[in-house]
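Comments concern the structure below.
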């Protein structure tokens, strides 16, 4: 039997639903709305296996903040009513047949990436439900990303139109441009247009840095900020080697009647 694993980027979905509620303390409304959303996802994607991955809620910002202290330093904390309601949300999702993977320190992005790549590398179909374009670096013939809220696939043509690079170059792209929302600086003075030009000519940051024909307008920037670019690429890249502690059989989807 062919496998179709659906991975829900849980807080990505929950926070978007919660943020548009008129009453942020009404967690029952959050539960109802997310359950309705998940039922639509189940009906549309028809998974054989499914799991919702949650970030940890500790003050520790993970390994990325260790190598780049400013990483996500200014990110707004989760609203307290939502934080207190997460257990109830997870229970409601469990009753729909969707188990939750709760991180005890790793970022959800890395957990999602590890599971998705592991299954896709075996030739099975994987769909990640998220608006996070960071997952697009994982794109492959059997791995796809669905932006449920915009009703679109974050696929290779989308990435080429949005960024002008290949999916496998996205970490290099963000290493150059930075990611302002996560306080990732990149190389000062190199924006999207320049990054596209550089990565159209060279496959990655290191090749560009070592190239004798790197245009003069970029040479000084690279020489002065190459270490920043390397660190920013590192934190932009997803880890795919985390020990998950479970197997596919544990997350087989069985429709609840």
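Placement of Cβ uses the backbone N, Cα and C atoms for every residue, glycine included.
In Swiss-Prot, the region 'Interaction with DNA' annotation falls on 189-194 of the listed ranges 183-188, 189-194, 195-200. When other Cβ atoms within 10 Å of the Cβ of residue 109 (Mg(2+) binding site) are tallied across all protein chains shown, the result is 21.
Other than the site residues 176, 185, 187, 190, same-chain residues with C-beta atoms no more than 8 angstroms from the centre of those residues' C-beta atoms, the K(+) site, are 175, 177, 178, 186, 188, 189, 195, 221, 225, 228, 229, 232. Per DSSP, the secondary structure of the region 'Interaction with DNA' (189-194) breaks down as 3 helix, 0 strand, 3 coil.
Per-residue confidence over the region 'Interaction with DNA' (189-194) averages out at a pLDDT of 98. Neighbour density for residue 190 (K(+) binding site): within 10 A of its CB lie 21 other CB atoms from the protein chains shown.
In sequence order, 186, 187, 190, 194, 195, 198, 199, 205, 229, 232 constitute the residues six or more apart from residue 176 (K(+) binding site) in its chain with CB-CB distances below 8 Å.
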